[in-house]
Structures are given as C-alpha cells and as structure tokens.
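Visitor: The following feature annotations were taken from TrEMBL:
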DOMAIN    20-438  domain 'DUF112'
TRANSMEM  33-53  transmembrane segment
TRANSMEM  109-135  transmembrane segment
TRANSMEM  147-167  transmembrane segment
TRANSMEM  316-335  transmembrane segment
TRANSMEM  355-375  transmembrane segment
TRANSMEM  387-405  transmembrane segment
TRANSMEM  411-427  transmembrane segment
TRANSMEM  434-451  transmembrane segment
TRANSMEM  471-488  transmembrane segment
Amino acid sequence: MESLAFLMQGFGTALDPMNLAFAAIGVLLGTAVGVLPGIGPALTVALLLPITFKLDPGGSLIMFAGIYYGGMYGGSTTAILLNTPGESASVVTALEGNQMARRGRGGPALATAAIGSFVATLIATAGLAFFAPMLVKVAIQFGPWDYFGLMLIAFVTVSATFGSSPLRGLTSLGLGLWLGLVGIDQLTGQTRLAFGVPNLLDGIEVTTLAVGLFALGEALHVASRHLFSDEKPIAIKGSVWMSREDWKRSWKPWLRGTAIGFPIGALPAGGAEIPTFLSYTTERKLAAKPEEFGQGAIEGVAGPESANNASAAGTLVPLLTLGLPTSATAAVMLAGFQQYNLQPGPLLFVQHPDLVWGLVASLFIANVMLLILNLPLVGLWVRLLKIPLPWLYAGILVFACMGTIAANPSVVELMMLVAFGVLGFLMRRYDYPIAPVVVGLILGPMADSALRRSLQMSLGDPMILLQHPGSAIMIAIAAIALVAPFAFKGLARFRQDED
C-alpha cells in the first residue's frame, strides 16, 4: 500500500502539464532517433543526453523516460522494414518481421510490435513499482563492505555480459576504472591524474564520455568501413491495423514474452538477448503453424518484441534500487542520473522519493503516449528511414558536438569528446565493448570509497570484507561469475580435444 501511495504522488508530479510535455517530447525524439538505421537505444539515449542537461532533475528524468522507451520502440521499426536491427536484442524481431513486410504485411508486424511493447512495458513497469521498494528495504541495511561486494558483482557481470569475451570486457572495465580516478580524491582531497589541467579537477564528465564513445565512435566506425547499405525500407501495403486472426495469434505471445523478459531483465546478469531468443524458441514450439516460422510468423514478432521491452523495463529494477546497470542503455541512463549528482540506489528512494516515483509514473505515461503517437505516425518513421547514411552520421557528429558544448562550454571538454570518439572507434575496430568503460567511470569512485571506508572502520584489516555474511556472499558470487566463463571455455576446449 505504501508503494501505491508513493506511485499516486508520482502521478501527481508526472501529470503536471509541463512534465507531460517533456514526456511527449522525449517519446517523439527517442522514436525519431531510435528509428534511424543502425542506431540502437543506447546510442539514442547517449545522443540525446545533453539535451536534458539544462532542465531541472524532475523534468529531465521524465523526458529520459520517454527517450528510453521511444528508443526501444524505434529499433523494432528499423528491424522490420529495413532488416537492420539497431541492437542484438532486435535480431529476433527482424527474423520474422522483415519476412512479414516482404509479404506485404509490414503494417500488422509493426502493429503487433507496438501493442506487444505497450502490454509488456505496462506489466513490467507495474512489476518495477511493486518489487523495487521491497529490494530497497533490504539494500538500505547495507554497510560499506556490502556496497563494495555489490560493486564487484556489477563489474564482473558487466564485463562478462558485454563483448565477445570476458577478458575484453575486463579490459574495457579497467580503462573505465582508471578514468574514474581522475580528479580530486573524495577522502583525502589530493589531486589524482589531472596533469595540471584545471578542468579535470572535478573528474571526467560522464556525458562527454558517453556521447564520445557511443555517438562519435559509432559515426567514425561506420564511415571508416563504408557501411552504407543501398537497401531501401519496404513500403507498407494495405492496412496498418491487425486482423482478428492476428489478434488471436498475438495476445498469448505478448503475455508469455512479458513473463520471460521481465524476470531475466531484472537479474544483475540479465540482458535482452537471452529473453528474446528464449521467447522466439518458445513461440516456435507452441505455435499452431510452426511451418510459418522463417516465412513471417506473427508470433515470432509478438513474443520476442514483448520480451525485449519487458526486459528493458526489468533492467530499471537493479538500476534504480542498487545502482547496477545491466545493459548498455542502462549504463547511459546511469550517466543521466550522474549529471545531476544523483546516484541510483536505495538512498535515492529515501532522499528523493518525488524524483524516483515521478520517473516510475512517467514510464506509464510515456508508454501510453508511445502507443497513441506512434501507430498514426508510422508513415513519418518510414520516411526517416530514407535519410542517406552519410547525411545521418554527419548530423550525429554535429549534434553530439553541439550538445556537449552546450552542457559543458569548454575547449578542453570538446577535445576530450573528440579523444573519446577516437577511442570508441578503436574499441569497435578491435571488438572491445563500450558499456564497461562508462560503468567503470561511474561505479569506480563508489567502489573506491566503499573499500576505503571499510578499511578505515577495520583499522586496515581487509578480512572485514569476509567477516560480514552479505559482503562475503557477494564477493563469492563475483568470484564464481569471473571464473565460470573461463572454466566453461576450457572445458569445451578439452572436450573438443578428446573428440
């Protein structure tokens, strides 16, 4: 009941006319950028991050809710009409959705994706509102040693989840942790790694790093490899709406996809790829017409797209309650909080309940706006798909630079943006994941502070980390999660050698 009372207060904040306008702008911008070819939700949020900087925290987070869900929705349009998934989670949607579009059923494919996204996000956001306070009551009891154990789990899971190998993920994380050391030490006041540059005394701006790595790095990567496809979006023929048969075949996959996506997304080692593929496999097994799979089965769009969006809402549970980002998009969302010196976690619910519950309520509102605005505007999104990629990425470069300068007007900041853009390009070139760098920059100082506070309280005895059951269990989980991928890889290689 307490959660319901807070949620009603959140709706009071979110339904303010100005905040409704921010949510609508966020939905439109998120969809407009997210629908562009090759641009996933993480890049969408990173690119639009500087826009929200001049707003108050409440308005900014509400606009962010719209951008987050709009970017998720936009990726499905690109996957269906252009067969170009903006992220790995949209690959499954492209399998059946593009085949439906080629058979002249692009309208129903987009409709079932939109309605499935709405249903999944509505249920998953309700789950967020219900489960988050329960998790906060546990996390509020954490000591500094528990927070250090939690940070270790975050570091290991992010390193293992992103990238082609855990070692590459750990390398990216190490770079982020090193960048997080730049600036004035929180405990001693000593300057670290500033190299005499006054702009670095406050540390590296998360906004600059995120926009540089995601937006500039992607633009340079595409330009260097001439990834300019001549493929045109498939025209939508006939009605955009679904037939009675389509509804009959879609509603169960919507619910099953939600049931699969939300719990996995809420896990610290979750992600959207597993639930989408799991949903696709489930629908294929349960389908009345399994022979249609691969030819454009509507269940193959409805289920995975619901799982994808439910998982996206699920990632907000560990993000808001524990400060753990479990996806690239969540890592950039964490940067959005950081630009206002807000740290997601249990204390955020205690110190800023109006902001948190206003954000949760605005997620419901943004979801409704998505459905109302996007179905009639499908034609507009299709026209955006026709923008030539050289123009598109040139615009991204200009927009990213202007946004960063507006947020932090400094020549040093602009130089760092370019440097991070080149770094992002090189990391893509050599297949190193981007998200762990952002996570390391944000969570590194927190882990540093938690460890040193623990050692101060124990007079320098590191065994304090293992003397408390909570921190000992979390450190053990982190150690197992770190060793497991290497152990499984070695076991697989051993079996191959035996064969």
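Every residue, even glycine, has its Cβ placed from backbone N, Cα and C.
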Visitor: Let me check one thing: do the transmembrane segment (434-451) and the transmembrane segment (316-335) come into contact, meaning three or more Cβ pairs under 8 Å with sequence separation of at least 6?
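Guide: Answer yes, regions in contact.
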Visitor: Using a threshold of three or more Cβ pairs below 8 Å, and leaving out pairs closer than 6 in sequence, do the transmembrane segment (411-427) and the transmembrane segment (387-405) count as in contact?
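Guide: Since 3 or more Cβ pairs under 8 Å link them, the transmembrane segment (387-405) and the transmembrane segment (411-427) do come into contact.
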Visitor: Is the transmembrane segment (109-135) close to the transmembrane segment (355-375), in the sense of at least 3 CB pairs under 8 angstroms with a sequence gap of 6 or more?
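Guide: Between the transmembrane segment (109-135) and the transmembrane segment (355-375), which are separate recorded stretches, there is contact, as judged by 3 or more close Cβ pairs.
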Visitor: At a threshold of under 8 Å on Cβ distances, which of 33-53, 147-167, 316-335, 411-427, 471-488 pairs most often with the transmembrane segment (109-135)?
Guide: 316-335
Visitor: Short question: most Cβ pairs under 8 Å with the transmembrane segment (316-335), which of 33-53, 411-427, 471-488?
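Guide: Checked against 33-53, 411-427, 471-488; highest Cβ contact count belongs to 33-53.
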Visitor: Cβ under 8 Å, sequence separation of at least 6 from the ends of the transmembrane segment (147-167): give me the contacting residues as numbers and ranges.
Guide: 173, 268-269, 271, 322-326, 328, 331, 431-436, 439-440, 443, 446-447, 450-451, 454, 465, 470-475, 477-478, 481-482, 485-486
Visitor: Across the domain 'DUF112' (20-438), what does the pLDDT come to on average, as a whole number?
Guide: 80
